């Protein structure tokens, strides 16, 4: 009589039940011999199929969908897409955006989600399984993701600081700081919101070369950010999967509240008209199409390894094609919806600023034109105002301010400037400003944390694909990663923190990600094989990808990514990179050239994100690393179907003279095997043998 072995847990990783001491039939201990080709074809001898009980899985379809939405819909939808629409043709920009979404974003999205679901591995495991020579893709993806995780959490840090300061009435950035009855000159020359951002929050240095000591208030907020992120991701999707219900849905609630309030404000129509009025002539500018392709690429979070990790937690029969289409539509509509909300509010802010500017000019007229001396502001109508402008323009034009609605709307910034300067000024104008500030920064926190969860999940999933880390509790590895990120992130808490963040954003997450994405596409379509991947999708979903998928996978998407890569490199070479340094005496940010040593760091980050691909290829191509034979005694390895094979793991007794090709097919091979597994001369690929003792 045999007893069922209990389910065991080792360091947080689930283990399959061991065979009993006497084996499944009361005989000798079972021994499983696994022949695994470089493309992952697996045939076992001496045992039945071995499942993967240690692989995490989504608790439901809604959890997966919200996790993908929370990761893909991020801060870029709020502060980059509206800016791009405004600068690149208004409503006409939607045309190249949708075209690039269809030709580039959706095809690569399905490749990452589909290959992760099929192989049920993280980024490192997927590319090693397709071919050992491609293992560097997973390493590059992990390194680039690490760089992004470093600075992305700093944005969350700033949101926390603003959130804490939003529980005041009036808001601390509503008016300039007054000393001895007069406003601080730095604030008077800029604005209250700009002063609060650059001086109160960042205490900005004059250059990246003079950062000063870390600002303690930012250090505390950064520590809080990493502690919260750690507790969310420390158990993988078992812990983060519960948080996404809030981080994914709360931003839509806030956007809807702002939408209802925004469209009722005076000036909302002016903001929307300014943003979405199509400028068709812009479509002839190649830069507009490049901007659209880049925005699609980054809005989906492609090449971080996160989508592969998310897909690996799905069931083998999940309809990933439907998921890709739904998430893509949701992502695009969210960006458009957020743009409507943002520019409705900015239109209100612009109209308010023009009204204040006009009142200031009327005060100047009352003080400098005798005819206006005894008039009140309300008594100066439009015709009188125009007459006063003509008089002062002919006598003392320097006294007047230019009050232009178009200039106010054109001044809308992107990135941190939009969130922490422009939009905060608009919030000040709203009745009940503290309430709007609180929910706005809570929304930014939700978007940021949702994306940070996905970024870290992609990196940690890659780390846990490495055998040595499987022996350590997930919480410990996650804690070490967070501590390292916090320690390096201290550079962002200095006076030059924003300058360093912009440098990381410009270099660490550009060329490296595009190279990784291009190699992913080539690896799946041309190494793994587009026909095989097509069959995988059909097996998983019941739907065979048609001509659209074939054309975009094989030709259009790779070409678009090559164009993005070349254009990015040429742009960096042709235009010397600059950053905007805050000059307090002038009350404005001035473009400043990066010093040489900073550019050297930037180039090093690009190299760190790209070089693992050729290095691993060369090391394994010329067998500089011993990688063909890997024997694990007394341990259990997951050897379930992780790639496209015709059959599930099967028990097949092989004759001594039989061999297994990398494609999982049997053939005779008379070659000498004294030196271990041989390289198939026709395909030029090797396989490895694992011996697993189930005793």
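Positions of Cβ are set from backbone N, Cα and C atoms, glycine also.
Heads up, TrEMBL stuff is auto-annotated, nobody curated it.
Looking up the ranges 249-276, 361-388, 641-668 in TrEMBL, the one annotated as transmembrane segment turns out to be 249-276.
Within the set 20-48, 136-164, the record from TrEMBL flags 136-164 under the feature transmembrane segment. Of the chain residues outside the Na(+) site list 70, 73, 77, 299, 331, 447, 451, 69, 71, 72, 74, 75, 76, 301, 334, 450 have their Cβ within 8 Å of the site's Cβ mean position.
At the 8 Å Cβ cutoff, the transmembrane segment (249-276) and the transmembrane segment (476-501) share fewer than 3 close pairs (sequence separation 6 or more) and do not count as touching. Contact between the transmembrane segment (93-115) and the transmembrane segment (507-530) is supported: at least 3 Cβ pairs lie under 8 Å, counting only residues 6 or more apart in sequence.
Only residues 6 or more beyond the boundaries of the transmembrane segment (507-530), in the same chain, are considered here, and those with a CB under 8 A from a CB of the stretch are 39, 107-108, 111-112, 115, 127, 130-131, 134, 137, 140-141, 143-144, 147-148, 151, 297-298, 302-304, 550, 553-554, 557-558, 561-562, 564-565, 568-569, 572, 577, 602-603, 605-606, 608-610, 613, 643-644. Between the transmembrane segment (476-501) and the transmembrane segment (216-237), three or more CB pairs separated by 6 or more residues in sequence fall under 8 Å, so the two stretches touch.
Most Cβ pairs under 8 A with the transmembrane segment (296-313) among the ranges 64-81, 136-164, 216-237, 325-346, 593-619 are made by 64-81. Just going by CB pairs under 8 A, the stretch in 136-164, 216-237, 325-346, 593-619 that sits most against the transmembrane segment (64-81) is 325-346.
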